Amino acid sequence: MAQRDKKVEEPTEVHLHAAEITLCANSCGFPGNPATKNLCQNCFLASSSSPSPSAASPQSPSSSPAAFPLFDKPRPAAAASPLQAAPVYMAVDRPAAGPADPKASKSSVNRCHNCRKRVGLTGFRCRCGEMFCGAHRYSDRHDCSYDYKSAARDAIARENPVVRAAKIVRF
């Protein structure tokens, strides 16, 4: 019985909150927000994007840089000189030369350094810098020029520095 009473009380609370909701000031039927002058989201966005002088004056230009495009600013006569327009033409020419280089690098095929077998994505790159197939990936199979012993010796020396105690002076 107590559970039914709680369920009955909940809808009355919702009705109390429904009376506090204010509708949009433009009478569109959606709930308005007091922070946006009792306008709904759609009406507020429409009124803020319209170029009316009353909407543009309260906001500072630094608070909404996207609302005012940078191209509307008048340019001085010195900026329109042909000397400054020349770098723009050079910048346009540079991207056209760029795509020729990636095509040349993509044409190389991954092949085993010993047997020239195509390995594709399944190739193994050795520490000597060459690509090898599954059969030649081990250093003893391809006469690797990388010195594993000296590299390991250097790594151990680097990770385990020698600690020497100060000389003990006896009286």
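Glycine residues also receive a Cβ, built from the backbone N, Cα and C atoms like all the rest.
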Of the residue ranges 50-73, 122-145, the one that TrEMBL records as region 'Disordered':
50-73
Counting by DSSP, what is the helix, strand and coil composition of the domain 'A20-type' (18-52)?
15 helix, 4 strand, 16 coil
Over the domain 'A20-type' (18-52), what does the predicted model average in pLDDT?
81
